[in-house]
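Database features, via Swiss-Prot:
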| type | residues | note |
| --- | --- | --- |
| BINDING | 13, 14, 15, 124, 165, 193, 294 | UDP-N-acetyl-alpha-D-glucosamine binding site |
């Protein structure tokens, strides 16, 4: 018999959906039924989500100064609130947990108005706009990189780390094996769940600048946006090298486990996953992030020695080629970085977050939860 329904709310990108998925698996192990509320974008990432049902609720962000656009967004939010209220009244969840992104706002607001226990999980080192809007209303705030007892809501905040999917936990069992001169070198390049156009343009040029001996060693996995597939595929064909390119890899965990180096953005889920697996990385924060959250996430891992951070404005093809030349000839350095990254990982984050969910659902306070963890 189920202990009750937990309703998870997540924005429709991998950065929000993946940690929610990891928690969902853990809650199901503990005897709960899990439902997910999100937007239509999440269908791409929710294929393995262990939910009894996935609900799409209307939502919108108010980012325009156009009065017509603002009015349309407010109408959509109001519609989402009504739909979320009906959903919560029907499901009667024991708790509603938000993972950030504007689609979480209607269900979390509806839950607080109905008196249902609520909490949010903030993946980044800087709190996002949706979570900021909800933080004063919820009973607890779990943080991936937020400092425990710090920030604007110290009495509510518990540092759990970012939960990672079972596939990542399995990949973490694979030890890092360095690639020595003359051996194949697995390079994984991606820009988060939605890709990064900059890498699609810069990497092929960088590879063309490498010595033939190094280029022949490379085995590349690169996530490429659909509109860039033809361009990148043509460059790869000209270079006559081994490369897998695709808009999305369902087996990314296994590919990361085989990687000798990762070049990627520094979204919270990405940084958490590569640290749990323990792989050296060159992190390139997304330069247009509103709160510079990716720069803060990257700095946290770089401080441990597990990653090198380079601003996109400084990452020319020549710079990439120089980095690859250096590290492909220095397997010992990459091994040290891999070990440092793994030490920074929090593989038990899903369990810690599930403990917090159960505590709040049972009516316990954050202060009580912290005392039991001490």
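Placed from the backbone N, Cα and C atoms, the Cβ positions cover glycine too.
Overlay of Swiss-Prot feature records on the structure.
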{"residue": "13", "record": "UDP-N-acetyl-alpha-D-glucosamine binding site", "CB count, 10 Å": "22"}
{"residue": "14", "record": "UDP-N-acetyl-alpha-D-glucosamine binding site", "CB count, 10 Å": "23"}
{"residue": "15", "record": "UDP-N-acetyl-alpha-D-glucosamine binding site", "CB count, 10 Å": "25"}
{"residue": "124", "record": "UDP-N-acetyl-alpha-D-glucosamine binding site", "CB count, 10 Å": "27"}
{"residue": "165", "record": "UDP-N-acetyl-alpha-D-glucosamine binding site", "CB count, 10 Å": "23"}
{"residue": "294", "record": "UDP-N-acetyl-alpha-D-glucosamine binding site", "CB count, 10 Å": "26"}
DSSP says residue 124 (UDP-N-acetyl-alpha-D-glucosamine binding site), in three-state terms, is coil
Residue 165 (UDP-N-acetyl-alpha-D-glucosamine binding site) - helix vs strand vs coil (DSSP): coil
Indicate whether residue 13 (UDP-N-acetyl-alpha-D-glucosamine binding site) is helix, strand or coil by DSSP. coil
